[in-house]
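*Asks:* Sending over a structure as structure tokens; questions will come in a sec.
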Ligand SMILES: [Zn+2]
């Protein structure tokens, strides 16, 4: 999946947030069963009971996982439950009656424990801890490897089962499904009714029994199952809503080695959100409302469209049939096999059975009235679909997809497996795009471009297509076993997106973009709230949270670093071909990748597995300190950890392929030398004395470098004398690193300024945009502290630093992408800082655009600047809003929306937010974009913050807790705060949310960021006062 650039292109799921479902469940049903009383109905344990969820004994014994109990009570209670002790029946009179957990909550034994109870509890905890440790170290089993080892049947732990909706015991108590049954194939029949917003379905699942068991446990959410049969007899489907699980209990064991078939008929409503099987609409050119239905299943929503084993490791084949009215068409993963007229006047389309095994999250189908633009590429028919009137905007996507498909077929040495590949632009879609096998879905912005669109707009489309196409191999062919290794999908697809386009379409110059996303990944990963690339995932919220820059951009960065450690691209390529071939059609974890690459790539200098495990198993990255004495170089590493209290130190060590160039040879790739730093520190000798060293050549390594006071001034001096002494990537890397070190407190702000002295002579995109971004961030913080005097002096500094370069920019069409990037950054900055010349030019261009009635084209890279200036002016806001409402071309529309959200007018700000929330005139999917734009200004951000607090519950209905959209919203509204008062407000609001989001990683990140901003301001305000 592509979560999109900026903030807003996010996938959205869950018609009801999980916590709401859980709460309503708690009110109706007991969450714990008295085992002593219910032992007769208690299902027998089987091997599945003790696999997975290794984190703690609590998870093994708690039916509901995360319910609210005090920690100390909880441990005792767990032990008591384990024992099935009769004292569970004691009353708990003191529990608050207002608690939603009250009605059927378990009586608690340990509220006033006797000493004997304490001894029993403690003893039992010791036993539980020991047993848990044992299972923790048992290898997890999957279908893809050597198979499951039968766990120890004598395990004394008996889980506490929750209660199904019908009052019976639900025979499973974990988030992950049991491993005893493997689905082999699904036969799906779907009958969507786009008028009534409902659908019915029939799902036939053929499965194989791997271990003898008394139950089948799988997923289903919001499905009303009307009939279920197993071996020609009716069976009852049990449902446990909080985990979206379904089950069938059998009195007789299903024996290992058997094959069997479960058939279910059901009905359901279309999802109101953007996940599951959801209904959507668009307004056509004649202002008619056109309805369509589409799917978005990753990560946890296939279960909302059909009952299934909804985990990535349960791969199977799919045969899909969908009925439709004659005026519609349908699409699914596979080519259409046949169409049949039904007696009710509808047509049923049947698709070929999938030729490869695939995970449920990759299933997709669409019912709409789209039209295709088609081309054959080797063995595959490629089609780009859109609403009929935008079909003229599909040509570029078709051309670049064809080139990329040929590139990947050749690069991976494995052909794309299907006869067809459809790319579909969906008018109402939250994610940037979704890589469903054979049927890739996109936002219109990420697939459609007009012939006259600028290369910068084409760059967006090409990047997203390159990403989703790479997933057809990384993700679809070889899939991560569980969401903890999401980076195997997303890191690879992100890396391949840049790598493939550098080959296929070098004119798009994606290098600058990749460099800047690596900087942002470093910034996020420096925080204490970050996580390892491969990390534990035990709740649905944690699954959502994996879609973040660590999985995507850090994943891509460490692959780049690995590739750059070898001379040439071919060795790395050989390694990944080997990996793809070895695991084709299977599921893997991170170790499989490193083991596979180790076989092909390791040399006596480098063990790939050892090196790369140090980057995927630990959070954060190293700070490399370099000390140069004549020709002797000393390197040291430590964890680059930004903490507000400076107390946390870690002993993390990385295997770092440190690259370096020096003053006598610094530009060509041949100048680059490598030293692998594995220890805390190490020393080596250069062949000659040098004046300076620049480490991390072209910033291909995922680390930050501190050169020490002398080292920094030598580099600053060298650049001041001659900008061209380093590559533009190296200059950008120095700028990024010195600001990061200033945040860490390792360099003074005067050293930062000393380096920046050279910048006014720089004309390349990446160093200039990086410096702009860093300075702008300080300016925004000053503005939000209402240090108006300092803010205006900072503004003057920024303007004067870039005055010459800004003055050189034109307002005509510009061909070169990197010049477009530079120009749009400079002019946006100048106009945002109210540079008179800039705002006049932009205003006059907007007036001409209005007068031309849309026939005059504003160059694509200047549109944002022009629309923002128009949106900030009370005179032109209404005109812009009018154009926005009638505009059809999504990428222009989004720029207009950003312009509209830049207004400082309170009424208009409130208006935009409420339109967005209602989804009228402004689509709800755009709210994260609206909020991030508003938060660029002091006043706008105040309104956005109020809005978020007032509408939190509605927001998490639209954007699931932990999702990329929610992450982006929290970041936008907090990242430029730096005062104690702001910190207190943010802290108070989020801690008050409790289970409605207070535990999110992004909340921790926000609080840390504010504290770090506060610390930086405290330290540097005096310097700023003096120096500005
Ligand atoms: Zn992706």
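Glycine is no exception: its Cβ is also placed from the backbone N, Cα and C atoms.
Curation does not apply to TrEMBL; its annotations are automatic.
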*Asks:* According to TrEMBL, 467, 471 bind Zn(2+); which of 452, 457, 490 is also listed for that site?
*Replies:* 490
*Asks:* Scan 91-113, 114-136, 137-159, 160-182 against TrEMBL and say which stretch is down as region 'Disordered'.
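*Replies:* Spelled out, TrEMBL records region 'Disordered' over residues 91-113, not the other listed ranges.
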*Asks:* Those recorded positions, 468, 490, 552: which ones have a Cβ sitting under 6 Å from ligand 1?
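*Replies:* Among 468, 490, 552, near ligand 1: 490.
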*Asks:* Cα-Cα, whole number of Å: residue 468 (active site, proton acceptor) versus residue 490 (Zn(2+) binding site)?
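*Replies:* Here the two Cα atoms are 10 Å apart.
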*Asks:* Using Cα coordinates, what distance in whole Å links residue 552 (site 'Transition state stabilizer') and residue 471 (Zn(2+) binding site)?
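*Replies:* For residue 552 (site 'Transition state stabilizer') versus residue 471 (Zn(2+) binding site), the Cα atoms are 12 Å apart.
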*Asks:* Name them in sequence order: residues not among 467, 471, 490 whose Cβ is within 8 Å of the mean position of the Cβ atoms defining the Zn(2+) site.
*Replies:* 1, 2, 435, 468, 470, 474, 475, 489, 492, 493, 494, 496, 497, 552
*Asks:* With Cβ-Cβ distance below 8 Å and at least 6 positions apart along the chain, what are the contacts of residue 490 (Zn(2+) binding site)? List them in sequence order.
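*Replies:* Listed in sequence order: 1, 475, 547, 551, 552, 555.
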*Asks:* Which of 467, 471 has the fewest nearby Cβ atoms, counting only those within 10 Å, among these binding-site residues?
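*Replies:* Looking at the binding-site residues 467, 471, the Cβ with the fewest others within 10 Å is that of 471.
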*Asks:* Where does the mean pLDDT land for the domain 'Aminopeptidase N-like N-terminal' (182-362)?
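*Replies:* A mean pLDDT of 95 is what the model gives the domain 'Aminopeptidase N-like N-terminal' (182-362).
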